[in-house]
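*Asks:* Following this message is one structure expressed as structure tokens.
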Amino acid sequence: MVIKVLKLKPLIVVDPEDRWKRIFPMSFVFCINIVLGNVSLRYIPVSFMQTIKSFTPATTVILQWLVWRKYFDWRIWASLIPIVGGILLTSITELSFNMFGFCAALFGCLATSTKTILAESLLHGYKFDSINTVYYMAPFATLILGVPAMLLEGNGIMEWFETHPSPWPALIIIFSSGVLAFCLNFSIFYVIHSTTAVTFNVAGNLKVAVAVLISWMIFKNPISGLNAVGCGITLVGCTFYGYV
């Protein structure tokens with residue numbers, strides 16, 4: 001019987017200059033992505049937001065082509081047609097459409113694409129692994145989000161503590177969400193390290209079907225027939241990309 005022992009890779013030492021040049025921009029875009037996602041959820045349902053996020057592979061390919069001069073096979077471009085077409089059909093037939101929420105989710109796609117491209121350059125170029133990436137990104141993200149959170153939501157938090165006798169349920173929820181966020185980011189960087197930024201974003205589109213179903217079952221979000229067809233077309237495009 002052979003027992004394999006997993007060994008953690010040592011911490012990669014990064015020069016302070018490289019931290020600000022390569023890690024800080026990714027952390028900043030990461031925070032922008034979180035803010036835009038939360039803003040969009042205030043105005044549009046989960047299912048619609050996730051469907052818009054399916055546009056991320058297209059923005060990733062376009063950004064890498066325009067900014068980083070990376071060229072893709074024509075079949076990659078062809079697979080984006082049903083993805084974009086399905087999103088447009090879903091947006092037109094969305095019964096809970098809101099322009100501000102739609103724009104926030106759309107700009108969130110650009111932020112997600114930029115974040116994954118920058119993460120790919122770190123993981124493949126700087127030879128980072130998942131845990132090193134999270135280790136160096138987390139302090140910057142905390143600094144970026146900490147001050148605005150205290151200024152914008154500090155009073156609301158204090159009022160909540162004054163009106164609720166026991167803070168433990170909320171603290172447990174916050175702690176649990178932090179653990180889930182760590183697991184999510186660790187798995188994101190692991191997948192990008194093993195594949196590419198575009199492949200990660202396409203694989204993430206498979207959660208659209210789950211998000212639509214959960215949004216309909218839990219939040220009772222109305223879904224029209226054409227809206228469901230648009231989600232289906234988007235998933236077909238994702239499957240075709242995976243085949244290519």
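Every residue, even glycine, has its Cβ placed from backbone N, Cα and C.
Okay, these came from TrEMBL:
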type: DOMAIN; residues: 17-241; note: domain 'Sugar phosphate transporter'
type: TRANSMEM; residues: 23-44; note: transmembrane segment
type: TRANSMEM; residues: 74-93; note: transmembrane segment
type: TRANSMEM; residues: 99-122; note: transmembrane segment
type: TRANSMEM; residues: 134-151; note: transmembrane segment
type: TRANSMEM; residues: 171-191; note: transmembrane segment
type: TRANSMEM; residues: 198-219; note: transmembrane segment
type: TRANSMEM; residues: 225-243; note: transmembrane segment
*Asks:* Per-residue pLDDT averaged over the domain 'Sugar phosphate transporter' (17-241) comes to what?
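*Replies:* When the pLDDT values over the domain 'Sugar phosphate transporter' (17-241) are averaged, the result is 79.
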*Asks:* Most CB pairs under 8 Å with the transmembrane segment (171-191): which of 23-44, 74-93, 134-151?
*Replies:* 134-151
